[in-house]
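Step one of this worksheet: look at the structure below.
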Ligand code: AP5
Ligand code: ZN
């Protein structure tokens, strides 16, 4: 199964990706996690991406398209994948079409901006795995520690309120047009499109997605 997770920063894409990965045995391709790994490793890509990400802006389409094409070509993606954070612009979506990469279902996570701003203040992440927690809504078993490794959780560099608001503005301007883009493809029978109420609690959303895709 090939799935696109579409939604604003903090809408819950990474959280539901954890559930979908386990349930359907397909890898998560999180372009944000890939970029953060590149920053940590100090690669040339990481050095280029850091300032852009810290400012809440988007990394260039050419770089992102190249990165995802290479990732999708790997053997673990042959039975499907979950795209989390890509495509994020019309040119990125066009590149998928041009490369004949078909998608079974696009899931749009709908959450109002004010809910997102509150959520992001409580987010904690495990950098090694990309696992995501929230201090109140989805807490780890031991405060500040990852459930599986016991390693420290951190606050993402781009989760400051001013940066979150900038990311939301860019989402509405550059990424939200993809909702209509994929709705149209769905009308032509080229994919399926499903809108999820992302304000429900984490387990309720997982149950909805399990039933939909099961
Ligand atoms: P990326 O890492 O993709 O960030 P994002 O899209 O902004 O999304 P987030 O990871 O912030 O949110 P999420 O939807 O995964 O929410 P989460 O599950 O964590 O990208 C980062 C940056 O990289 C971009 O700004 C850009 O610079 C660059 N980049 C990446 N891809 C790119 C591309 N294709 N093109 C160009 N540039 C690119 O949940 C958030 C919080 O809420 C957590 O604390 C979680 O526990 C909690 N939560 C989740 N669900 C619920 C719920 N139902 N109820 C209550 N709390 C919940
Ligand atoms: Zn994420």
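Cβ coordinates are placed from backbone N, Cα and C, and glycine is handled just like the others.
Note that the coordinates shown come from a computational prediction; the quantities given were computed from them, not determined experimentally.
Lifted from TrEMBL, the feature list:
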type: BINDING; residues: 10, 11, 12, 13, 14, 15, 123, 132, 133, 200; note: ATP binding site
type: BINDING; residues: 31, 36, 57, 58, 59, 85, 86, 87, 88, 92, 156, 167; note: AMP binding site
type: DOMAIN; residues: 123-158; note: domain 'Adenylate kinase active site lid'
type: REGION; residues: 30-59; note: region 'NMP'
type: REGION; residues: 122-159; note: region 'LID'
Residue distribution over DSSP helix, strand and coil in the domain 'Adenylate kinase active site lid' (123-158): 0 helix, 10 strand, 26 coil
Have a look at the binding-site residues 10, 12, 123, 133 and say which one has the shortest Cα distance to residue 59 (AMP binding site). 10
Chain-internal residues, separated by at least six, CB under 8 A from residue 123 (ATP binding site): 10, 132, 133, 134, 155, 156, 159
Span of the ATP site, taken as the largest CA to CA distance across 10, 11, 12, 13, 14, 15, 123, 132, 133, 200 (Å, rounded to a whole number): 17
Within the set 14, 133, 156, which binding-site residues show a CB-to-ligand 2 distance under 6 A? 14
For the region 'NMP' (30-59), what are the DSSP-based totals of helix, strand and coil residues? 22 helix, 1 strand, 7 coil
Where the C-beta lies under 6 angstroms from ligand 1, the matching binding-site residues among 12, 14, 31, 59, 86, 156: 12, 14, 31, 59, 86
At the Cα level, what's the spacing in Å between residue 31 (AMP binding site) and residue 14 (ATP binding site), rounded? 11
Could you state the CA-to-CA distance between residue 88 (AMP binding site) and residue 12 (ATP binding site) to the nearest Å? 15
With Cβ-Cβ distance below 8 Å and at least 6 positions apart along the chain, what are the contacts of residue 57 (AMP binding site)? List them in sequence order. 166, 170
Other C-beta atoms that fall within 10 angstroms of the C-beta of residue 10 (ATP binding site): 27
